[in-house]
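Let me begin by presenting the structure, written as structure tokens, before commenting on it.
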Amino acid sequence: MQENNVLELVDKGFYLPLMEEFYTIQGEGFHKGTAAYFIRVGGCDVGCHWCDVKESWNAETHPPTDIEHIVENAAKYSDTIVVTGGEPLTWDMGPLTEKLKARNLKTHIETSGAYTLTGTWDWICLSPKKNKLPEGRIYDEAHELKVIVYNKHDLIFAEEQASQTNKECILYLQPEWSVREKVTPLIVEYVMKNPKWKVSLQTHKYLNIP
Ligand code: SF4
């Protein structure tokens, strides 16, 4: 296929820059412990300095892949599909989720919310980042808010973000992995004082799985 045609298909969400896909256990947030198939889409310009998937940032390094092929693969492994990145909302998630739903698969997304919410989702994990704040509507739609805590100031940011979410949204504070020993005690103390929050840990990293 001509390069221009492929770019056009990526633009429309029929092809996506696929970084990796794998069957594992969801380690974080509300669905932790649940087996799920992860689709990691390349492309992110949010620029978190502690990002643990910096290889995802440049979409051009990940092959544009037909979503038919992605869905076909995913359906072989699990009925729960987690779309992550990178920042998946860089792209139009409509076509991918339409195809996943047509196969009766549950669609979950992990997003910073920095771009317009597209797609049909059974579960939206909003993990806002200070560098590029979420676009309005996603606060109403998010099922969980997961704030990554790198330092004490992130607790103030967490409250600012929580004040914008819908009432049913479940609130999580998660230590950033590289500073977990320093910030976990802060989070534990904070959650005990402010029990509307829950602790989320990257349990997949403790289990040594992807
Ligand atoms: S939004 Fe996610 S993928 Fe993008 S830089 Fe931040 S942590 Fe990394």
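From the backbone N, Cα and C atoms, a Cβ is placed for every residue, glycine too.
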Write down the one residue from Gly13, Gly86 that TrEMBL lists together with Trp50, Cys51, Asp52, Ser127, Pro128, Lys129 as binding S-adenosyl-L-methionine. Gly86
Out of Arg40, Cys44, Cys48, Trp50, which binding-site residues lie by ligand 1, with a C-beta less than 6 Å from some atom of it? Cys44, Cys48
Max pairwise CA distance, angstrom, over record-listed S-adenosyl-L-methionine binders Trp50, Cys51, Asp52, Gly86, Ser127, Pro128, Lys129: 16
Suppose you look only at the domain 'Radical SAM core' (31-210); what would the mean pLDDT be? 97
How far is it from Cys48 ([4Fe-4S] cluster binding site) to Lys129 (S-adenosyl-L-methionine binding site), counting Cα to Cα, in Å? 7
Might you list, by sequence position, any residue in that chain lying six or more from Gly27 (substrate binding site) with a Cβ less than 8 Å away from its Cβ? Leu201, Gln202, Thr203, His204, Lys205, Leu207, Ile209
Which site among Ile25, Cys44, Cys48, Cys51 has the most other CB atoms no more than 10 Å from its CB, taking these as binding-site residues? Cys44
